[in-house]
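S.K.: Take a look at this one; I'll ask things after.
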Amino acid sequence: MKFHLHHHHHLRLHNFKTIIRHFATKYSGRVIQETLNGKTFSVTIKTQNIQRDIRGYPIPRHDLICKITKILQSSSPAISPSSKLIIDPFLQVSDYLQTLNLTLTPSEASEILKSLKTSQKALEFFKFCSDEIPGFKHDCFTYNRILTILSKSNSLEIVKSVVDEMEKCGIKGNISTVNILIGIFDGVLELEKCVGLVKKWGLLFNCYTYKCLLQAYLRCNEVSKAFHVYIEMRRKGYVLDIFAYNMLLDALAKDDKAEQASKVFADMKRKHCEPDGYTYTIMIRMNGKIGKAEECLSLFQDMITKGCSPNLIAYNTMIQALARNHMVDKMVFLFSKMVEKGCQPNEFTYSVILDGLAAEGQLTRLDEVVEMSKKYMHKGIYSYLVKTLSKSGHASEAHRLFCNMWNFNDGGDRDAYMSMLESLCHSGKTAEALDLLNKIHEKGIMTDTVMYNMVFSALGKLKQISQIHDLYEHMKINGPSPNIFTYNILLAGYGRAGGVDDAVKLFEEMESGDCRPDIITYNSLINCLGKNGDLDEAHMKFKEMQEKGLNPDVVTYSNLIECFGKKNRVEMALTLFHEMRAETCYPNIVTYNILLDCLEKCGKRSEALELYAKLKQQGLTPDTITYAVLDRLQSKSHKTVRIRRQSPISGWVFSPIG
């Protein structure tokens, strides 16, 4: 006699929300005892047998795994469309197992964990199995499964808690557990704990464990510990794969452990693990760094003989090794072979060659290098070379290459052109700078005020007044508009060349225009007037400056003090000095040196010594110019002091002559 017992759907409160069980609880069995009136009876419940393989392990029931996985992969929690009640997937799984009077085996739980899409869902199911399924107990395989899943989610603290729970439950892991944990942990202490688990669980390292531990130490930059692991595994007869060998070699080379790296490289070849291109590149870089150029050449040749085609990184590494070891001819030859083989150079290739040629004074060979690689030359490479040469002070080579770039490309690289213009100006090649400024628009690059200011500054330093006039007129007609920096640069140039009339005219033009003079403008004009003998006009501009609300700075006062001092008007120089201090404009060492020199030349020895005492009181440090003046005061040897002004903005540089 068979029958079925049914319980109707019932409700359960869960997190203050109503939960509905989706399945009826259904049991199948047979009656074994019944009373006479039929009101009570006993039954035997029929359970499903679990099949086992030949080793006695339960065979996973795939229909059960699929069903539970499908339930868990539904929304969590879900809302029943018919009843609008919340359905808990884990409660559904519990009901499903109770309905069929089933339990789960660890292998089935492991398969379900593997099928779940998120680590959070997997962790919830992992805890559900041990907490809610009667008689279920995790083994090391289910722990391995959840640890593997958690390893992809960067949940280090959760991993540690799972391991703690595993140990608390007295479950011993296997070597795979240790391997998984080594792959997760990245701190030395955690790795030492993994090694401790091997001893605690009575396990033995295998080749993969050694490899995992070695790579983990390398991730922590613990190169010495990684090498110790390597020695231990080599003693056990284990070998690494090519990836691990390269990882170890690279770390040893970067840590300047050349002897150990050479030992590993020799072991690698002896253990029948053929080096690849990356291996040779590591060894070439290391040997080049320590000056073993011949060893680099031998390694490079060996790489080619073994059939490893050098890539861009390998060529660059070899070229750099040759450059470092002053082997310019071999460097250029290798570059030619690189191009012949169709390996396109990049900016790094050219930068290494540039450094190598410059170090040996053979930058003229750059034309040879460019000609070799002409098919690979493009605007970006030309621009890079021009900028690099310009910044390193090789103006002639930069300009020669720039001319090639000009003829090579229709469009221009603004940064390269700016670098070239700056280099020409800095090296005093004003004719070439003017030519470039006039033609730059042909390459689609608009000239701006910065470019003009750069050229004006170079022309002013060389006192090329006529060129300044012509360029300024061209600028006013064709643009761009001059700014305050333009006017200040022009005034400084006129002052340097003694062009007082030009300076005054330019100043008046500023006053009538939109660009109003500032402190630097007045400083430049005052310096120009005073330096060329018109002290009264310079002093008037000084007063005018104050009337317009522009407070004179240390440069303004120092300019005037110097000008009056040169004309032996010492009293006026001293008056300006005292006025300066009264206006809380503190003199610097340059101001003191100017006035000391003035007093010494006029024979006012006591005033000079008194001024020196004030200098010390102010906390200023005397420089070589100060001591030169003091020596003259003591020896009464009136050597002259030449005062060179770098710019009316930044101050002066002095040097004694005599």
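Glycine is treated like the rest: Cβ placed from N, Cα and C.
So TrEMBL has the following annotated:
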type	residues	note
REPEAT	139-173	repeat 'PPR'
REPEAT	206-240	repeat 'PPR'
DOMAIN	213-376	domain 'PROP1-like PPR'
REPEAT	241-275	repeat 'PPR'
REPEAT	276-310	repeat 'PPR'
REPEAT	311-345	repeat 'PPR'
REPEAT	413-447	repeat 'PPR'
REPEAT	448-482	repeat 'PPR'
REPEAT	483-517	repeat 'PPR'
REPEAT	518-552	repeat 'PPR'
REPEAT	553-587	repeat 'PPR'
REPEAT	588-622	repeat 'PPR'
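So that I understand the layout, could you describe where these features sit and how close they are to other parts?
M.R.: Residues 106-107, 109-110, 113-114, 116, 119, 122-123, 126, 129, 180-181, 183-185, 197, 201-203 of the same chain, all 6+ positions outside the repeat 'PPR' (139-173), place their C-beta atoms under 8 angstroms from a C-beta of that stretch.
Residue counts of the repeat 'PPR' (206-240) by helix, strand and coil are 26 helix, 0 strand, 9 coil (DSSP-based).
Among residues of the same chain six or more beyond the repeat 'PPR' (241-275), those with a C-beta under 8 A of the stretch's C-beta atoms are 211, 214-215, 218, 221, 223, 226-227, 230, 234, 282-283, 285-287, 290, 303, 306, 308.
Taken residue by residue, the repeat 'PPR' (276-310) breaks down under DSSP into 26 helix, 0 strand, 9 coil.
Remark: secondary structure over the repeat 'PPR' (311-345) totals 26 helix, 0 strand, 9 coil, with classes taken from DSSP.
A mean pLDDT of 89 is what the model gives for the repeat 'PPR' (413-447).
Proximity of distant same-chain residues to the repeat 'PPR' (448-482), defined by a Cβ-Cβ separation under 8 Å and at least 6 residues beyond the stretch ends, is recorded for 418, 421-422, 424-426, 428, 430, 433-434, 437, 440, 489-490, 492-494, 496-497, 499, 502, 515.
Summarised by DSSP class, the composition of the repeat 'PPR' (483-517) is 27 helix, 0 strand, 8 coil.
Summarised by DSSP class, the composition of the repeat 'PPR' (518-552) is 26 helix, 0 strand, 9 coil.
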S.K.: Using a Cβ cut-off of under 8 Å, list the residues of the same chain at least 6 residues beyond the repeat 'PPR' (483-517) that approach it.
M.R.: 449, 452-453, 456-457, 459-461, 463, 465, 468-469, 472, 475, 524-525, 527-529, 531-532, 534, 647-649
